Structure formats: C-alpha cells, structure tokens
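Copied from TrEMBL, the annotated features are:
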- 66-275: domain 'ABC transmembrane type-1' (DOMAIN)
- 9-27: transmembrane segment (TRANSMEM)
- 70-92: transmembrane segment (TRANSMEM)
- 104-124: transmembrane segment (TRANSMEM)
- 144-167: transmembrane segment (TRANSMEM)
- 201-226: transmembrane segment (TRANSMEM)
- 252-274: transmembrane segment (TRANSMEM)
Amino acid sequence: MRIKKIKPYIYLLPALLLAVMFVYYPFIRSIVSSFFNISISGKFNSFCFLDNYKALLTDDVFYLSLKNTFIFMLMFVPLNTIFVIALVLLTLKRNRLTNIAEGIFMLPMTIGLSSAALLFKFLFNETNGVINSILKHEILWSSNVFPARLSLVFLGIFLDLSIDYLLLLSATRNLDRGPIEAAMVDGCTSRQIFFKIKLPMLLPILSFIVFIAIKDALLICSPIIVMTEGGPARSTQTIVYYYYLSAFKNSAISKAATISTLVFIIAAIILSLYKRFEKRRITF
C-alpha cells in the first residue's frame, strides 16, 4: 500500500530534479546575486544589499531599455491580435482553399526562432532584401528607428502566428451555435452577430492570446540579437536584451541579476492583473 502511494512521486522525481536544477535554483540564485557584488568568475565578493538596485534605478540606459520594451509591446500586441482575428475570419468557412491556408499558417511553428530571425533579416535587408524589392522603394529597415521596430514586430507576429491562429480558430469553430442562430432568426446582421455575440464569447481565448503576446514582448531578446543588435541608437534595445549585454558582453553579473529580478517583478505584476481580469470576466 505504501509503495503505491510513493510510486507516482518516483515517476515525477526526474522532472522535479530537472526543474530544481535548471529553473528553481538559477531563479533563487539570481535573486540572491542581486544583493551581492559578484566577480566575473561568479564568486560572491561582498554583500551590498540594495546598492545594485539603487545603481540600476539611476541608470539612464535601464529606463531607455524599459521604454523600448513597452513601445514594442504597444506596437506588437494590438497588431498581433488584430492580424490573428482577421486570418481566422478569412478562413472560418471550410473549403479546399482554407485547408491550404491553414497548413501555411501552421508553418511558422516548424521554424526555429533563430532561423526565423535570420530569414527576416534577409527579407528586410536594406540593399537587396525581398521586401524592398517588392515595394520598389529603399526603406532603411536597420538604420531608422520606426522601420527597425516595425521589422521586429513583423517577426514577432510571424513567431506567434501558428499557436495564436490555432487557438482562436478552434475556439471560433466550437462556439455554442444557440445564441448565434437565435440572433440570425431575429434578423441580426453578420457584423452585429460578430461584435455582440461571437466576440464576447471568444473573450477568454482572446485574453489568453493577448497575455501571451505581452509576455513575448516583455521577454524578447534573441530576435534583437540576430536582427538589430539593439540599434539604431539603442532604439530596439529592450530590457531583456540589456540583461544579455550586462551578463554576457560586459560580465556585470550583479547588474544582470538585478535586471532579471526587476523583470520578474514586472512579469508578476502583469500576471496578477491578468488573473484579476480573468476573475471579473463574464462567463457565457
């Protein structure tokens, strides 16, 4: 009897050990490191309490990185949500053409993040890129601030497309037909049915898609490393990219740990707001 009780925990033990080694221990060590001066070798030199936080909160580059992160978030989240909704509405009715489109929209899921970033770097190349060739106009994608940010937004939409499209399409096709058919009998237009009935019923999945987009915008780093390297003039340097520079380029371990702790606090605030919204949401 005792063996039966212990058996499930034995099966979970490898996963728990991996989680402790690669998630919980690094997380706790990072928070602890933010209160110490740490050498390049990772040795704890001296306890400095909140000095690292004071130094970071008086750092202009930190505020610039935070500002860039929220600018990217404000650009990416609405465009990503609108684009996914538009694609779902275009492919809602099943036919041969929409089946092909569904397969195409699933392709981004099969492409690695770095590979996608390299692909977009080629597409948005200023001199011989595909986008400029199609537009027949030389847009300075990596030299001007807004085009550089926009190219990262397009990459973000591409990376999130498959999972967002799949979630929203399946939710839309499995909506309760009762209220929709009742509205059709009452003579409601397609627009009224969508905005008054379908959209409120899709609010749970849409809020989840928005939350994932906010999370991705907050943590974006690898695409910036590949595409823009924070340029031009640090206009695409986000908070996590600043962490990357501090930890791996400048070997400022204490500073990087402090940045990561503040990013965790921001993420926790966003998560708590999302949970509060979920509790207040009307259920249909």
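Each Cβ is built from the backbone N, Cα and C atoms, and glycine gets one as well.
Values in this document were obtained by computation on a predicted structure and should not be read as measured data.
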Problem set entry | Stretch in 9-27, 70-92, 144-167, 201-226, 252-274 most in contact with the transmembrane segment (104-124), if contact is a CB pair under 8 A | 144-167
For this session: May I ask which of the stretches 9-27, 201-226, 252-274 has the most CB pairs under 8 A with the transmembrane segment (70-92)?
Result: 201-226
For this session: Answer yes if the transmembrane segment (201-226) and the transmembrane segment (252-274) have at least three CB pairs under 8 Å among residue pairs 6 or more apart in sequence, and no otherwise.
Result: yes
Exercise. So which residues does the transmembrane segment (9-27) touch in its own chain, when a touch means Cβ under 8 Å and the partner is 6 or more beyond its ends?
Worked result: 264
